[in-house]
Amino acid sequence: MACGLVASNLNLKPGECLRVRGEVAADAKSFLLNLGKDDNNLCLHFNPRFNAHGDVNTIVCNSKDAGAWGAEQRESAFPFQPGSVVEVCISFNQTDLTIKLPDGYEFKFPNRLNLEAINYLSAGGDFKIKCVAFE
């Protein structure tokens, strides 16, 4: 999957929120947001799939520790529409990441890497980032 934006040295601390707004492609199959220490150490791989890898209208989350993927977690809540502008807010603490979807629904994903700061963000797939904000 082609990578769009890559940012490093973010220094996002526990309790702070990363707000990502972007446009989902009209013919979207999937997109992703990766957060962590670097490309091989991700506390969150956030992958909404419209129709990809055998999943339809499902959010797949995972982590990557020293290049090794963990166990996938699937969310059936799927407020994304092709051709729409969406906003996702992600915050974290020592135990969990909290992902707030465009419709206000929130779910948690374990902070398996126990990161104390998030320094890396990448985005890819059928998603064009319009705005990244820290709160």
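Cβ coordinates come from backbone N, Cα and C, glycine included.
Annotation source Swiss-Prot lists N-acetylalanine at Ala2. Residues or ranges marked as domain 'Galectin' by Swiss-Prot: 4-135. Under the heading N6-acetyllysine, Swiss-Prot lists Lys13, Lys29, Lys108, Lys128. As annotated by Swiss-Prot, phosphoserine applies to Ser30. Positions annotated as beta-D-galactoside binding site by Swiss-Prot: His45, Phe46, Asn47, Pro48, Arg49, His53, Asn62, Trp69, Gly70, Ala71, Glu72. Swiss-Prot lists Lys108 with the feature N6-succinyllysine.
Annotated features taken from Swiss-Prot, shown on the structure.
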residue : record                          : Cβ within 10 Å
Lys13   : N6-acetyllysine                 : 13
Ser30   : phosphoserine                   : 22
His45   : beta-D-galactoside binding site : 20
Asn47   : beta-D-galactoside binding site : 23
Arg49   : beta-D-galactoside binding site : 22
Asn62   : beta-D-galactoside binding site : 18
Gly70   : beta-D-galactoside binding site : 15
Glu72   : beta-D-galactoside binding site : 12
Lys108  : N6-acetyllysine                 : 14
Lys128  : N6-acetyllysine                 : 14
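In sequence order, Arg49, Phe50, Asn51, Ala52, Gly125, Asp126 constitute the residues six or more apart from Lys29 (N6-acetyllysine) in its chain with CB-CB distances below 8 Å. For the pair Lys108 (N6-acetyllysine) and Lys128 (N6-acetyllysine), the C-alpha distance works out to 24 angstrom.
Taking Lys13, Ser30, Lys128 as the modified residues under consideration, the smallest Cα distance to Gly70 (beta-D-galactoside binding site) is found for Ser30.
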